[in-house]
Amino acid sequence: QAQNSIKFGLCYDLSKAYTFVTPQIVQAAKDYATLLNAKGGIEGHPIEILVQDHGNEPQRGIECYEKLKREGVMMFDYLSTPVSRAVLPRHMQDGNVMLQSFVGRGDAVDGDVFKWIFPIGPTYWGQMANDVAYIKSQHKGNLKGVKVGFIYPDYAFGQEPIPVLKTLAAKEGFDLQLFPNPMPGRDQAAVWTQIRRFNPDWVISWNLSAMHVVAAKEMKRNGIPMEKLIVVNWLNEVDINNIGAAEAKGLKRGTNVVGGKDHPLMQQIIKEVYGAGKGAGDAKNLDDIYYNTGLAMYSSMFEGVRQAIKKGGWPLTPAKIKDGLESLRNFDANGFIAPVTVTAKDHGGGGKTRIDMWDGSKWVPQSDWTAAYTDVVDQVVKEQSAEFVKSGK
Amino acid sequence: MLYRRAGIFHTSYADDRRLFPIPFERWAMLALLAIALAAPFMFSSLALTSYIRPWLIWSAAVLGLNLVLGWAGQFHFGYAAIMGIGAYASVHAARHGVPWEIAVVLGGLMATAVGVVFAFAALRVKGLYLALSTLAMQFVMDWVISHVPAISGGVAATLQAPPMRLLGQVVKSEAGTYYVVLAWTVAVTLFMLNLRRSALGRALVAVREKDYAAAVIGVQAFRYKLVAFAASAFIGGVSGSMLIYGFYHAVTAEQFAVNVSIEVLAMVIVGGLGSIIGSFFGTAFILLLPGQMNAFIAWAARSIGLDVGVEALAHIPYMVYGATIILVLLLEPMGLGKLYGNVRNYLMVWPFGYVRK
Amino acid sequence: MEATTANGNLLTLNNVEVIYDGVALAIKGVSLAVPSGGMVALLGANGAGKSTTLKAISGLLKPERGEITRGELHFDGQDIERLMPQQRVRRGIVQVLEGRRVFEHLTPDENLVAASAVTGCNRAEVVRRRDRVYEYFPRLHQRRSSQAGFLSGGEQQMLAIGRALMTQPRLLMLDEPSLGLAPFLVAEIFQIVRRINQKEGLSVLLVEQNAMAALEVVSHGYLMENGRVVMHETAEAMKRNPDIQEFYLGGKEGRDFHQVKHYSRRKRWLS
Amino acid sequence: MDTRTIAPELKVAASAAAATRVLECRDVERRFGGLVAVTGVNLHVDRGEIFGLVGPNGSGKTTMTNAITGFFPPQKGSILLNGEDITGLAPHKVARRGVARTFQNLALFNGMSVLDNILLGRHVHMHPSIWRTALYPWFAKPEEVRNREVVEEIIDFMQLENVRDEHVDSLPLGLKKRVELARALAARPSFLILDEPMAGMNQEEKAYMARFILDARDERGVTVLIIEHHMDIITGICDRMLVLSYGEVIGTGIPREVIADPRVVKAYIGGSHAAQ
Amino acid sequence: MDWMYFLELAVNGALAGLMYALVAIGIVLIYKSSSVPNLAQGALTMLGPYLVLAFAVQAKLSMWLAIPLAMVSMFAVGLVIERVALRRLAGQPVVMILMMTLGIDIFLRATALTVWGGSGRNMPLGISDAPLFLGPLLVNRAYAIGAGVTLVMFALSIFFFRTRMGTVLRAIADDYTASWSVGISVERGVALSWALSSVCATAAGVLWGSVQTVDQSLSLLLLKGITVGVLGGLDSIGGALLAGLLLGILENVASGYLDPLLGGGTRELVVAAVLILTIMVRPHGLFGRQDIERI
Ligand SMILES: Nc1ncnc2c1ncn2[C@@H]1O[C@H](COP(=O)(O)OP(=O)(O)OP(=O)(O)O)[C@@H](O)[C@H]1O
Ligand SMILES: Nc1ncnc2c1ncn2[C@@H]1O[C@H](COP(=O)(O)OP(=O)(O)OP(=O)(O)O)[C@@H](O)[C@H]1O
Ligand SMILES: CC(C)C[C@H](N)C(=O)O
Ligand SMILES: [Mg+2]
Ligand SMILES: [Mg+2]
């Protein structure tokens, strides 16, 4: 028990469906830790990042949790909707902190029910609500009769925003059609034939990286203009490149973090970590928005832990960490993310995103950081968390 | 001469068919059992819960698959689905207040019912075509499990398992859970050992070797294929529940997907078709080796100051997994069980190597 | 018990020993010779090692995990022990396997074509050789395009021999060609083999249980017992040998099986 | 010996004692696609007989035995066993009625020892089940021991003592054939079908085999149908015989007379090798 | 009923199905010539395009040079697989061979991930993405080109099995020992079949890669390929083609009509159901060879 370091357990899918993103996020977490450790860590305690692969299989996530738990880890991140969902009850039972930024499940923002789960930043639900709000703004505030097609890979991550989307469709009266696509989600020709027939005004694509690329190409082959496409945040520079910078023009993306290398934190890392040759990976990944996403995630985590030690002192306990995270106020990591305020009731912290559009050479913000339909999202959150309390699943 | 056989005379036919006719092996078994019983006090909590317990459970499951694959010779690429059915059924039963022991048996029975459906494919086709139809059945089962909310508990849900209970008492301690698991594995192993020396086992092998020759001595291939699939499904179903109650404590559909079927299959084959001890070896190899190799390589790299990226490190287990299969098959196509058998045969006649002819 | 190693022998085996699986000693020092253009029979009880001997010559031991552990194997004056089966076929050694293993899913035509591949001859040559086989076995010609797996036993045996002839061999080794064939077919096949031997000077090594038929066509015979050659005589001498008569030819008059009692055999020729 | 194992056999024997006709085939026809393998075959085998079935290759002998044992049920005609119509019955059911057979191409269970192969012959007299297996010491063991005694007796009879524990695949062909016969006899059949049991054997081994067959008939009361290409065996041990050619009967009766029939000589035996 | 919708689903399904058949032809090729069920075909299909990209992007060669080069390299890969992994298993029960090819599949996939990482790459074949209309019918251009290549491969394979070499390979598939006995070099035959199949996999991988980007998920095409192969009868090239068409049309039409009703994922379900039913009715697939078992 004489442990001096702060251990983070990163149980990630490094080998199957999410390999396009996890290495960058791990790299960001490690680089940030290196940066802080060089200055004595958090309140004098070094950060330790433990990484293990779970192949996006829930049971292996559980295994990872059980193993790292015994190695003294109190904060875990799974970066996967299905895995987070599976491990969640154990966290609830054992009282260990689960970081769940940017992945499902959406109702975990309800701090009353999900005491130990911290989806800091926007959830998929919030992001979806914002997407719909954006569409609404493009239709002069009236969504009646507007046709929205939703294409998603048919598993937990893709299915995640459906409750919110359906509720919104009922509320706003737009015409929603779902287009599930079996995993691995690459062979989309069939789905797009259907989508073209549906003739949507908007297509929301809840895909992951390369699947977006396929989707964009299929859109072209089916003669659907790129402007109609809104994608979830998991699309990066590599994907734009694969679609073709010119071809991708007009594509819109729900965005959670600021991209690019201009931010001071990025600059600092480039100088002090990569400059010193201590980077945890390839420097070219610094161009990748997924790297920024990782930094964003861990900047709020580290800040939370800092608060925890400040308030409760060493040694850390899960309860102290919980306290620390719940005392984040208007934290925006120096403008890296939309400001979050985490409380005991709200573990999300606001859930603001914005819509960016690719203009052929760069991303152009189409809106401010916003959180729309908070009432609707809240309502769905309450419904689902109540359901969780009732059935335990 | 550990394996001394001189001076052992079997004086009755029953004696000739004892489980362990060689005294040394009887002693070895007793010793092993003693270690198994003392394990909670000998190993760390991490080893017990993360390695030994899953290993025991998977070994039981692998024995079940070996029954249908190794003994009856029928391809079964949908074993994970069977395990899943057992797991879901028993969890649902227990959640509805059925006593735990009965819930687990119910899980087994439910799996048996589905296993019998698989058997009907085996009655029509053989070989690769059977492999593919069972694989297709696995897909159908996957779909049913994940798309019928009454089973999976809704889209993307993770069904939490109630705690293990014996006679109404909650089994909470790590040791307690371990003993329950151990009891199940020992029971399955004993069953398989008995199978090897009983008429049922012979009939299964007969069906495997030549079904028409089996028929002519009165073995109804139909019936024994059914029995094989049913028995293995029961073992698989209960093992599936054990996996949930004794290890994961929660069920998800992905937990019993196609790749898991392939993994169990790999365990059986790496262990050796029809080999009981091989099933334990095979499970250990496929389940534990990749992770251990990974840790080892990470450690080795660190100690010589080399930096292996997280990504590469994550892929090593898969390379090891694939390489294990390839190497074992190259070394001894009949699997680790045969390798063990070779060593045993060697020791049996040691130091007189050239006894045959 | 040693083979004549005089010149004019196409094939000589000298003291060859074969072990299966590293443990089972199947033949223990076999020596024999096949003269150029001659026909020789190899007789012996079940499990004596006849097939093993043939496989040692043709190089087919490997797939059964057998290996030659001692002795010399010469064909046409050259050591062939290290050659792969296909190289031996190219030099002119071909074996017709026990139990008529034809390519079941191929037609007789295709069976023959497949066998001609190794010698790399041109299309016209293939057709010529094939027609020659059909000339010897007109029955095959009739069934040339039905699946070989459904041919009757006799037809399959003809096909197997014909297939071997496609490789243009110099030494043809037949492993129990009469197994399970109707009596008149046995006669027919032996006559054909004899004809090929006489017309084309093909050497033949014949393994047979049907000693009566075999000794009719060969000039010399070897007798194997328990992995060893225990007798080497001319066919005439063998036919006259009382032991051969009792154990292989069934006596002069055919035996009354009702009078046979359980007995342990007397192995008169084993020293 | 335990009475329970003998009971079913006694029953068969009792019912058969009334009718002496063990097997009767009436107008049997079997086709494969367009090919007529056998047609219009009538034959009967009486209790205690050794009946020979011969014919050129591809004449339909094996097809006949397959029709009787249920593998390829005839498309026309009927087959009676001890007066009971067994046409179209599944092979394992035919086996349970006291019919055992061996195969032309050998059908031993290669993964097993000689002992286990022969024990499998006892299958119809055993009651394998999951429960018995699970509770082996109490339920299966006595049964195993009982049947083992029967099997040991067969092993003794067939002189297989020294290969009892060998794996069958490493045995020479002749011994395999003997093991297969032992397996067939282990079931205590009333009717035994042998498909070329002596193919690939020399004179001495043939004599051995003939002795076993005769003893099986004389000491065990088995009725035998045997297919052979060795004419000396047929004339030597058969009471009656039947010749098929192109799926049709071309001769039947006492062996010495049948093989002298010019039609038979022409279709089957050929010129000079009549004695083989 | 909207016939145009049906037709469009059917036509595009047929094209996709033909591309599945392209993966299946590789499997059939090996099975037909050595009785080895190849479950590593998926990994080969992934490896091929990676090599093409390695030549085209890393070595900066033209695409039309890179593809033949990759094919040659894949030919070698096929030879190596036979030599290292399969030669020892000749004559072993089919389960072990099955497992061996699975092991190769897993190993190759992990290796590719280690070497090339997880993010997708473009396969720039220069196929235009502009919509292609046949009258009122929209045809997926990339798939149409793939289907064309499949037909060419199909014709080549059929022709190949008519040649003497093809006959020899079929003989090998029938009986290894008998092949040895007449001097056929079984090892070389099997190696050749693997090599050809690897080349076929490269073609399939490049085409699929251009449709769905190149990354490890290409190896998952194995499932489609093997399904088509089995459905057609594992040793029938024509069967693979027909089964591909059938399956492609069926899954597309079914998902077009059923997905909205059942809430997704029916494609896999329908494929599985069709496979099970067909095999139950025809145990050797549509055109597979019958086992000849003489009792
Ligand atoms: N693959 C094998 N593995 C082990 N032992 C073998 C193998 N093949 C043959 N044997 C053994 O080698 C010995 C000789 O066998 P072989 O087949 O050469 O005899 P044979 O004279 O041809 O007999 P048959 O008349 O049965 O054909 C036998 O004892 C047999 O058991
Ligand atoms: N399963 C089958 N499918 C198609 N044809 C068959 C089948 N079984 C047998 N035949 C054909 O039926 C005919 C009779 O065959 P059968 O095996 O009965 O002959 P046989 O008299 O036993 O010959 P042999 O003495 O060579 O064993 C042959 O022409 C054979 O090709
Ligand atoms: C990291 C992401 C790819 C995770 C994924 N979006 C999920 O929630 O499942
Ligand atoms: Mg032999
Ligand atoms: Mg026959």
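Cβ coordinates are placed from backbone N, Cα and C, and glycine is handled just like the others.
What TrEMBL says about a protein is an automatic prediction, not a curated fact.
Marked as transmembrane segment by TrEMBL: B:27-49 (among others).
With a threshold of 8 Å between CB atoms, the same-chain residues lying at least 6 positions outside the transmembrane segment (B:55-72) that come near it are 79, 83, 181-182, 184-185, 188-189, 192, 195, 201, 204-205, 207-208, 224-225, 228-229, 231-236, 238-240, 242-243, 246-247, 264-265, 267-268, 271-276, 279-280, 282-284, 287-288. Residues annotated as transmembrane segment in TrEMBL: B:55-72 (among others).
The transmembrane segment annotation in TrEMBL covers B:100-123 (among others). Within the chain, the transmembrane segment (B:100-123) has long-range Cβ neighbours (under 8 A, six or more residues past its boundaries) at 74, 76, 78, 81-83, 85-91, 93-94, 130, 133-134, 137, 141, 162, 164-167, 222, 225-226, 228-230, 232-238, 240-242, 245.
The feature transmembrane segment is assigned by TrEMBL to B:135-157 (among others). Sequence-distant neighbours of the transmembrane segment (B:135-157) (same chain, 6+ residues past either end, Cβ-Cβ under 8 Å): 77-78, 80-81, 84-85, 88, 92, 114, 117-118, 121, 252-253, 256-258, 261.
Long-range neighbours of the transmembrane segment (B:177-195) within the same chain, counting only residues 6 or more positions beyond its ends whose Cβ lies under 8 Å from a Cβ of the stretch, are 19, 33, 36-37, 39-40, 48, 52-53, 56-57, 59-60, 63-64, 66-67, 71, 164, 166, 171, 201, 204, 235, 238-239, 242, 245-246, 276. Feature annotation from TrEMBL assigns transmembrane segment to B:177-195 (among others).
Annotation comment: TrEMBL describes B:226-248 (among others) as transmembrane segment. Same-chain residues lying 6+ beyond the ends of the transmembrane segment (B:226-248) with a Cβ under 8 Å from its Cβ atoms: 49, 53-54, 57-58, 60-61, 63-65, 67-68, 71-72, 74, 76, 79, 82-87, 89-91, 100, 103-105, 107-112, 114-116, 118-119, 122-123, 161, 163-164, 177-178, 180-181, 184, 188, 191, 200, 204, 207, 255-256.
Distant neighbours of the transmembrane segment (B:260-289): 51, 54-55, 58-59, 61-63, 65-66, 69-71, 76-81, 83, 135, 138, 189, 192-193, 196, 205, 320-321, 324-325, 328-329, 334-341; these residues of the same chain sit at least 6 beyond its ends, with a Cβ under 8 Å from one of its Cβ atoms. Here TrEMBL flags B:260-289 (among others) as transmembrane segment.
Residues or ranges marked as transmembrane segment in TrEMBL: B:310-331 (among others). Counting residues 6+ beyond its ends, the transmembrane segment (B:310-331) has Cβ neighbours under 8 Å at 266, 269-270, 285-286, 289-291, 293-294, 297-298, 339 in the same chain.
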